[in-house]
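First comes the structure, then the notes that go with it.
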């Protein structure tokens, strides 16, 4: 399950592995990526927690992570960014990207 970030609060993601998808409701590629991230959150359950942060609702968080284009997917380990990708990717490519940086 992808947890929705509110109040610019990513404290939960500061322990262990986390995947954060920055998006917006008006962004077409973001809407295409949402079901992919939902499926991957189920398939990779136990390996990482998955989060979604609406860039418009969480501007402070988007600025903190220097989000300039969306969708942006960031892999964190203990709160530290270890990888980032921007733009829509098909499920297999996104899964490979995430798994590569979780190990």
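Heads up, the Cβ atoms here are built off N, Cα and C, so glycines get one too.
Feature annotation from TrEMBL assigns domain 'Thioredoxin' to 1-103.
Listed in sequence order, the residues of the same chain lying 6 or more apart from residue 21 (site 'Deprotonates C-terminal active site Cys') and placing their CB within less than 8 Å of its CB are 2, 30, 33, 34, 37, 50, 51, 52, 53, 71, 72, 73. Annotation comment: TrEMBL describes 21 as site 'Deprotonates C-terminal active site Cys'.
Around residue 30 (disulfide bond), taking its Cβ as the centre, 22 other Cβ atoms fall within 10 Å, counting all chains. A helical conformation is recorded for residue 30 (disulfide bond) in the three-state DSSP classification. The disulfide bond annotation in TrEMBL covers 27-30.
For residue 27 (disulfide bond), other Cβ atoms within 10 Å of its Cβ number 19. The active site, nucleophile annotation in TrEMBL covers 27 (among others).
Annotation source TrEMBL lists site 'Contributes to redox potential value' at 28 (among others). Other C-beta atoms found within 10 angstroms of the C-beta of residue 28 (site 'Contributes to redox potential value') number 9, with every protein chain shown included.
In this view, residue 29 (site 'Contributes to redox potential value') is surrounded by 15 other Cβ atoms within 10 Å of its Cβ, with every protein chain counted. The site 'Contributes to redox potential value' annotation in TrEMBL covers 29 (among others).
Look at TrEMBL and you will find 30 (among others) tagged as active site, nucleophile.
Across the domain 'Thioredoxin' (1-103), DSSP classifies residues as 38 helix, 29 strand, 36 coil.
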